[in-house]
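Under the heading transmembrane segment, TrEMBL lists 7-25, 45-67, 79-101, 113-135, 142-163, 192-214.
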Amino acid sequence: MRLSHGLKKALTLLTTAVITGYLVYKVYTEASGVELSPGELLSPYFLGAILAGLLGYLTYTLIWYLYLRNVVKVGYGRVLLTNLAGTYLSFSLNAAIGTLVKVKFIGATYWDVLATSVLGILTEFIAGLTLITLLGGGYWGILLAGLLLLPVIFDDLAFRALLPVFRLIRLESVLRGLYSGWKGAKANRRTVPAALALGFLLVTLNSTTLYLVARTFGLSYPFLSTLKGTVYSNFLGGALGTPGGIGANELGVMMAIGRSGMDVVVAFFYKLINQYAYALVGAVAFYKFVLREIEGEGSYAPEPQG
């Protein structure tokens, strides 16, 4: 049974309201006594967090670029503009808009953009879950990472295994389209190893960002906790489907570091540096460059590749 578009939107709004309401409650009841000074936001720790967050965002874009360049001729700068616009559009209730904008601006097919985006997300999770196990966080991390790695390495086997299921639910064309983009994104054998190496760098940078934000406010979490916080944040932000992951992102961080008033502040500032600030920059990128070109005012769009 499929949910109607209106019901999906209503459920998304309700989820966003509940989670955001919980965070607001935590801030007012526990974090209201937290005193923030301008000096803290100008400290070496906070400035270091901003730098680590920037490097993390650029690294994530580079991972996506590695997959994309196998299916379309596009420069890193253009992929960065697209990613910024996508970050801004992720706060829309209609996630499909962001994908369609990426298709138009990059010049790839819908399935190429979707497949490379999924591969980028899987790459980050595989690296993060593996590091959790390596740092003593339990074997569940490496087991989950192995499961996620299976369709990346054994894509033909995964396709044949899933095909009967997708036929049954009448979505065979979706699976075939995604499989086509998936194969194209991995056409170069060096792509996946290079992307995974960057994935380990990415989760390290994200964990460092969270750690430095905590140090800004006089807290110190074990690196394993900050690593779990970044992984949980990304998972809940995507799984709960709230616009931009707002609320769910912070909740994921708090699951790993704690639920005190100061933990709420740390979680918020981490996501501000790690994502929300780039949504603001993405708004400028979208309206000044991306939307203008899509509407035909620009002249430098590449021709879609076959």
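Glycine too: its Cβ is placed from the backbone N, Cα and C atoms.
No curator has checked TrEMBL annotations; they are predicted automatically.
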CB contact flag for the transmembrane segment (45-67) and the transmembrane segment (192-214), at least three pairs under 8 A: yes
Among the ranges 79-101, 113-135, 142-163, the one whose Cβ pairs under 8 Å to the transmembrane segment (192-214) are most numerous: 113-135
